[in-house]
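Sequence annotations record features per position, and here TrEMBL assigns transmembrane segment to B:21-37, B:72-96, B:108-128, B:149-167, B:246-262.
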Amino acid sequence: MGKIIEVKDLTFHYPDQKEPLFDQLSLSIERGQWVAIIGHNGSGKSTLVRIIDGLLAPQAGTIFVDGMPVTPENIWQIREKIGMVFQNPDNQFVSADVEGDVAFGMENLGLDRDVMKYRVDQALRKVNMEDFKGHDPSRLSGGQKQRVAIAGVLTLRPDVIIFDEATSMLDPEGRQDIIKLMTKLHKKGYTLISITHNIDEAAMADRVCVIDDGKIAADSSPAEIFAQEKELIAMGLDVPYSERLKDELLHNGIEVPHEYLTEKGMVDWLCKLHSKN
Amino acid sequence: MNKLLLGRYIHADSFVHKLDARAKLFLSFYFIVIIFLCNNWQTYTLLGILTLVSVVCSKIKLKFFWDGIRPLVWLIIFTVVLQLFFSSGGHVYWQWGIFRITSLGIENAIYIFCRFVLIVCMSTLLTLTTPPLQIADGMEALMKPLKKVKVPVDEIALMLSIALRFVPTLMDETTKIMNAQRSRGVNFEEGSLWHRAKMLVPLLIPLFVSSFNRAEDLAIAMEARGYRGGSHRTKYRQQVWHRNDTLVMMLFAVVTGLLIYLRK
């Protein structure tokens, strides 16, 4: 195990804003952990992961990725360890064919063509897109585009994959698809950081960090976080459907379990409730 | 909208389709050069046959070549008429003020017409038989020598392929914005030319804004994937030079020799 990402006393200030966004923020992430970062728009979630990847430079504080400090000198090594998947599937495609896009990161590293061919096939297989190798990305669905983007990240063999609201622009089917793929990657041992507004996605994580106004407002397991429904609403998040249902049931005088239930857990519990009566 | 210059590729399994993009690109430019060697009917016939053979070998319907010529019809007519009425020399058939039709004028007008049609057919052949990405790769290969004079060839090639990749995306976006503006009562089809030009403003401004946003997103995504410019990058797509490519190059060399022999 051990820590893969360590953020210490981070201070970050956008030049056009009066107040610093982050003031002495600290956060560490264990290797192999799946961390969901949630919070309302403008709370600094995306800024935080961009600082970790060295895409933005903080005013103060240090960040270690796999024990290596993020500095302008070793920024390219850091980016080999961290893969990022962004929100808009259209705006991260570089090439007019799927395989060329998957290979883009490897071209940047100057890898041999044989290695690239092997890894492109391997990565496309992992995300179930091997049949779309020669396709034009503009003809793919949103979920398929994000899977190709994930394949592009996998070819670089990173330790950490950051999903920066990667499911927010997808239809429900595509979103479920990507969440499933994330679960698969998590099982394979990748460290995942997913920024999301989608509670179903956050519920799959090992740990949920709630960021509010540049501060970590809560940091705990999904079950504990989602039990505090009122606070979630105050932070402008969607409350999961199963929690809303629980609230309604409580109003109607039905005893409900206190801990968080996923949709499936809720269905199981409801079935049991019904058979008891 | 979909008949833009580079998006006209038509898939088929033909001799011309299988040629290397570098060969086709080079020969298309070379053809434009050698057509200026033509100065009599024998030489034009020779290049006419060459063009016809190339077109037949591509297994593409003639209609598509006509589509290539059609947008240029007015330019061709204008140039031909200019040649016809303003050339001097040879026998004068008809004269009115500064206008006159001479035997040399008629001859020149016919040659200019042939030159236009042949060049358009050949370049249409290139875009019809070569996917845009391969054209971009071909251009990169042909520009390589410019690296010696510090031209950023790799960056230009990447820009070109990104531009190609975003053509369909921006097309979709344009359609979307047009529909959005139509639903607010904007009419793009009717009215005077000036009115229609003005109607483009509510189309172009949102398109520009979103293009800038896309560009920024893409730049961040590229950087996150380790892009730092320069020439240490390797290439995933590869071009393969076949024997047929060499043969076609030789054919063009022979034609050039014949041209020099046949011209006056």
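Keep in mind that glycine also has a Cβ here, set from the backbone N, Cα and C atoms.
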Stretch among B:21-37, B:72-96, B:108-128 sharing the most Cβ pairs under 8 Å with the transmembrane segment (B:246-262): B:21-37
Long-range Cβ neighbours of the transmembrane segment (B:72-96) (under 8 Å; 6 or more residues past either end): 102-109, 112-113, 116-117, 120
Remote residues contacting the transmembrane segment (B:108-128) - C-beta distance under 8 A, at least 6 residues beyond either end: 5-6, 8-10, 16, 24-25, 28, 31-32, 35, 38-39, 44, 47-48, 51, 54-55, 58, 60, 64-65, 67-69, 72, 75-76, 79-81, 83-84, 87, 135
Residue numbers, six or more beyond the limits of the transmembrane segment (B:21-37), whose CB comes under 8 Å of its CB atoms: 43, 47, 115, 118-119, 122-123, 125-126, 129-130, 134-135, 137-139, 141-142, 239, 241, 245, 248-249, 252, 255-256, 259-260, 263
